[in-house]
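Here is the structure we will look at, set down as structure tokens.
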Amino acid sequence: MALRKPLCLPSLLLLLLLLLLLLPQADTRSFVVDWNQDRFLLDGVPFRYVSGSLHYFRGGLPAWLLRKPNVRLRTSDPDFLAAVDSWFKVLLPKIYPWLYHNGGNIISIQVENEYGSYRACDISYMRHLAGLFRALLGEEILLFTTDGPEGLKCGSLEGLYTTVDFGPADNMTKIFALQREYEPHGPLVNSEYYTGWLDYWGQNHSTRSITDVTRGLENMLKLGASVNMYMFHGGTNFGYWNGADEKGHFLPITTSYDYDAPISEAGDVTPKLFALRNVISQFQEIPLGPLPPPSPKMMLGPLTLYLDGYMLDFLHLLCPQGPIHSILPMTFEAVRQDRGFMLYRTYLMYPVFEPTQFWVPNNGVHDRAYVMVDGVFQGVLERNMKHKLFLTGKMGATVDVLLENMGRLSFGSNYSDFKGLLEPPILGQTILTHWLMFPLEVDKLVKWWFPPQLLKNSRPQIPSGPIFYSTTFSILDSGGDTFLFLPGWTKGQVWINGFNLGRYWTKRGPQQTLYVPRPLLFPTGSLNKITLLELENVPPQPEIQFLDSPILNSTLHKTYIYSLSADTQSDSEPMELSGH
């Protein structure tokens, strides 16, 4: 048999070139809008996505922006744009290699978020963002915006694909028609389809029925729309990371962000997920295989907690650098206290024999104040709510006002939300001056410095006011996820093994338990420590329990809104609160 002539070098090069052309190349990958057929194309093939949002850490705009008190957030203010540019010039280059056309998995990127709901409506700012994203990410990536129906006018921008967001109770036909006014051609997209809703302290736990959610999804998929479910998995606002809404008044969000989502706060699948999966399977293939089972859950207790001491006894540890002196009180931002707590202290310059009104004008408590005279708890002042107390005291008495940052505004008219005492308090007719301000490092105290030597100062027999309690416990076997229940406690912060689980507010609700992931707990044979900072009143039996299921829907007290008129004398009246 004759030997075949070996391929010459040009032939080898041609063969290699053909092979390379047959292999998938990054530059052949594309995700684009098909303007003629009102759809997306992925690598040239018609494509519709059905996706879901996962809860992540919720930082928002950083507090240090407000160290320039005149900064105008989310506008073309040069100070704000300088911070925006500095951030995105670091972040976006890290994203660039992962864009779909570069071989990654990012098919599109959202610019801003529901900007039309923000009061500024600064088109120059949106143009700046669009130009910045294009300069750093290139022309190929699909950039989009999303807004509710009321926000499309100020939130959309030519050159950014306009999408909408709405829930199952909204008029789908009307809202998609609004999208068509801004995008006459291209796919219909709901970028936030609400599977549930978030909770505010003092309101009932929000839910969306399975029937409503699945019917709405089915109707959108019948139209060929792309849908992203918000939330698909809720989560937890650990530490101080809950946000707040501004809807005529201040609405802080609960620690739980369970959201009545298809996947629960603890990561377990729910009946809502199975129902949604059944709907999606009627329109496109879904991943095969079993879903993971629920994580093991654990019960423990009740456990008795023991007094560590009053917060005021630990000022030398909570603020080791010492206080800041000022004639008038300064905000958190002015003293670089980004979150948590700050104590304001002054002294009475004259005796106050009769109960005298103590208040802060112009709704100047941001967000909640715990007032003490000579260490004795007097009561609470609260933003938009209760705003006056009556105090007595001898000349030279110490007046302490502990301010709590309850969460920064994350939706609506989120103007510069300074925290602390925004105005000097008034006692009777006297403006109180000469303040000492203690920025408190509570997390460091709990994690590194406890247990200190308990100070034997004279205190009331019934514990009240900001006070630390703790205990230790061990778990059996391998344990599991669990939910901390604090029956009878009022309001405060809780840590397990130094990790800040978040805020509890048993007396207001609706959330009654805090999610405790199993990795936070030490294994069998080791002691776990739980620490509470109770801000108001300790129950007669200072106990806690760990449950194997959450309690998220128990509002114990109605929420009231109080008049904020200068005379501070009007009666309170109930106010119905609603979501956005």
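Here the Cβ of each residue, glycine as well, is placed from N, Cα and C on the backbone.
What TrEMBL records for GLU114 is active site, proton donor. Residues or ranges marked as active site, nucleophile in TrEMBL: GLU192. Among the features that TrEMBL reports, domain 'Glycoside hydrolase 35 catalytic' is placed at 59-282. Annotation source TrEMBL lists domain 'Beta-galactosidase 1-like first all-beta' at 329-441. Per TrEMBL, the feature domain 'Beta-galactosidase galactose-binding' maps to 466-524. What TrEMBL records for 1-28 is signal peptide.
For GLU192 (active site, nucleophile), the number of other Cβ atoms no farther than 10 Å from its own Cβ, over all displayed protein chains, is 21.
On the backbone, the CA of GLU114 (active site, proton donor) and the CA of GLU192 (active site, nucleophile) stand 10 Å apart. The Cβ neighbour count for the residue listed as 'active site, proton donor', using a 10 Å radius over every protein chain in view, is 21.
If you average pLDDT over the domain 'Beta-galactosidase 1-like first all-beta' (329-441) in this model, you get 96.
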